[in-house]
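As written in Swiss-Prot, here are the features:
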| type | residues | note |
| --- | --- | --- |
| COMPBIAS | 375-387 | compositional bias 'Basic and acidic residues' |
| COMPBIAS | 435-444 | compositional bias 'Basic and acidic residues' |
| COMPBIAS | 445-460 | compositional bias 'Low complexity' |
| COMPBIAS | 472-550 | compositional bias 'Basic and acidic residues' |
| CROSSLNK | 582 | ubiquitin cross-link |
| DISULFID | 113-165 | disulfide bond |
| MOD_RES | 283 | phosphothreonine |
| MOD_RES | 396 | phosphothreonine |
| MOD_RES | 478 | phosphotyrosine |
| SIGNAL | 1-35 | signal peptide |
| TOPO_DOM | 36-206 | topological domain 'Extracellular' |
């Protein structure tokens, strides 16, 4: 307009009609250097699901395309919470907003408010092809695409609000350069209840859901309880087998049966004679009749006492066979005066009563477990067997071959008897047996009555006088180095021949195979001379007697017949008690209640 006005003013002398025409032409056809801008948003309302992408479109129009504008997206929070108002439509605020919207059709109470009462942030800015995110949205996948479209690749909580699109240009003199779009981000809800990831269940009634939960909880506690009782049976009292540990754990049935029998008096298979009354049907049968038997191998009754260790008999009282009624009267004793109605004292009262009426002379059932249990209960007053030295039992006495012809009180007659009348077998089988350990020690002492006739001559293999070890058995009094003292061959038919000729003869006292040179020696020397042995024993020092003859004993073990079977440590306590019952008295080895 200024150039046209100047042109019109520059021709004052021209025709007035021409000037007016030129001015109108310039005003109409000359371009205006300043133009207006227009910004629009095609979809002002968006609702999306959380973590879903969304794009807010924005377009603008400018008459001057030579200048590149600056696009700015701003975030402003809602003036009012749309979600809260949606759940409470009958509130007072909603009614007031409805009245304002009715009076002013263009009024929006969720958008139109001052910026001072809500949050305002810059989301992104675009100038040319460069996009810059605001400080709050750094790291988010947000960009401006197209002319001015704002794109969210993944929405998040807090993105709900009003987004304003503003276009700024240096030649923008008039027009609307700003528009807004609302965005609401909601959480995702499945159409059907999802119990597990990828597993959906249909609609379920509330009461049915409660029943299912209760049953599942009951089964869980039952399984845990059973497994706990089986793995730790001492902490609870359940007796149901559990499949989780069938090999490691089992129910304490024996303890349960014993406790039930002790409280109710019913006979139990675990302890029938201790904790329960003996019913007539369960009374054990009487012991079998004892057949009187003579002394073994023809020895008198006092031979075992003479041949015991030390030559002395153990004068201890043995068990007396008394009547059970008398024993029950004598064993009344002290008794706990407990209240039988009290369940906690019934077991103790019943056990005290049974122990008071218990008679050791009454034979019990042949049950190894019961016998071992009885020994544990009745041996409380004895000394600890571990502190006592172990003592081997006395061996069975063996009959001497010359017992009928010689008395034990006259050993000299054996020496004076001619050798032709002595039994065959040499010096070892023809001598009398020792009656005690003291007699064995006298063999080694020179000048004793036993040394001249019971000691074999020294062996030529050893360079010293032979001193036999301290014998633990009457069968070990042979000299393994003397060829005349060796037993016969171990041929089993030889023993049968000996028994057929003389039933009383002891096969262990017979001589083994004889050397032909010994026969000639006996023909030249018909009688044994003990003076040579006495002279050899006088030269032996006292220290030689205490030497350990372990090697000689090992050699002797392979030359003699097998010894009797040793005492078994697995014998029960009741077996030892029955062996100690003798002469109608209670032995000190027996168990005392």
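Using N, Cα and C of the backbone, Cβ positions are placed for all residues, glycine too.
Cβ neighbours of residue 165 (disulfide bond) (same chain, under 8 Å, six or more residues apart in sequence): 39, 41, 56, 58, 71, 72, 73, 148, 150, 178, 179, 180, 181. In this model, the topological domain 'Extracellular' (36-206) carries an average pLDDT of 86. Under the DSSP three-state reduction, residue 113 (disulfide bond) is assigned to coil, being neither helix nor strand. For residue 113 (disulfide bond), applying a Cβ distance below 8 Å and a minimum sequence separation of six or more within one chain yields 79. DSSP assigns residue 165 (disulfide bond) to a strand.
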